[in-house]
Amino acid sequence: MGKVYVFDHPLIQHKLTYIRDKSTGTKEFRELVDEVASLMAFEITRDLPLKEVEIETPVIKATSKVLSGKKIGIIPILRAGLGMVDGILKLIPAAKVGHIGLYRDPQTLQPVEYYVKLPSDVEERDFIVVDPMLATGGSAVEAINSLKKRGAKNIKFMCLIAAPEGVEVVKKEHPDVDIYIAALDEQLNDHGYIVPGLGDAGDRLFGTK
Ligand code: URA
């Protein structure tokens, strides 16, 4: 069964409070999401493999460690996932970025793919799917389905705020996917918003209504 990690680091919790606050404007909201994404990327990359290299310090020849070059792909779910990409790229700039766009079918209410563009070497990459909000879990499950259908084998899911309902759905549908969350909230309301949440992440990131 996939593991669920909730990052209760004080810096993440502090910044998340201002992200949630409705008086926080678009510019600051975007900056804070970017910063929290970086902090989460720091934790999520904890298991990256290292290799030893020979170097010369000003004092002596030494062996030291560098990343062994594991290939990473970041996959934002459009559109709100875009707000987390740059923050992750600051820490792993060599990562490739794919995009998955989903819309909700008005009849079935199920998410449907309308855009998928992935790095060409899907089978060799480890993927981090990002979306600020894990609400019902429908989009996350469909995005992960999309990746798996195209050959992805190692996938993590990262979000700022999750509802328990969404976490359960992703765990059930994709038990091989670990979930990384900055805060696990109480529930979904009747309109599908996470409570207390932060409102509509896409609108708050891009200044739309
Ligand atoms: N998507 C959002 O942007 N906000 C929510 O609360 C739930 C889904």
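Each residue, glycine too, has its Cβ placed from N, Cα and C.
Among the features that TrEMBL reports, domain 'Phosphoribosyltransferase' is placed at 6-208.
Annotation source TrEMBL lists 5-phospho-alpha-D-ribose 1-diphosphate binding site at ARG79, ARG104, ASP131, PRO132, MET133, LEU134, ALA135, THR136, GLY137, GLY138, SER139, ASP200. Summarising the environment of MET133 (5-phospho-alpha-D-ribose 1-diphosphate binding site), the number of other Cβ atoms within 10 Å of its Cβ, over all protein chains shown, is 26. According to DSSP, MET133 (5-phospho-alpha-D-ribose 1-diphosphate binding site) sits within a strand segment.
Under the three-state DSSP scheme, ILE194 (uracil binding site) falls in the strand class. The Cβ neighbour count for ILE194 (uracil binding site), using a 10 Å radius over every protein chain in view, is 28. Summarising the annotation, TrEMBL assigns uracil binding site to ILE194, GLY199, ASP200, ALA201.
Using a 10 Å Cα-Cα cut-off around ASP200 (uracil binding site), the binding-site residues ARG79, ASP131, MET133, GLY137, SER139 reduce to MET133. In terms of Cα spacing, the binding-site residues ILE194, GLY199, ALA201 that come within 10 Å of ALA135 (5-phospho-alpha-D-ribose 1-diphosphate binding site) are ILE194. ALA201 (uracil binding site) sits 7 Å from MET133 (5-phospho-alpha-D-ribose 1-diphosphate binding site), counting Cα to Cα. With respect to ligand 1, the binding-site residues MET133, SER139, ASP200 contribute MET133, ASP200 as residues with a C-beta closer than 6 angstroms to one of its atoms, given in sequence order. Geometry remark: ILE194 (uracil binding site) versus ARG79 (5-phospho-alpha-D-ribose 1-diphosphate binding site), CA distance 17 Å. The residues near the uracil site, meaning same-chain residues not in ILE194, GLY199, ASP200, ALA201 whose C-beta sits within 8 angstroms of the mean position of the site's C-beta atoms, are PRO132, MET133, TYR193, GLY197, LEU198, GLY202, ASP203, ARG204, in sequence order.
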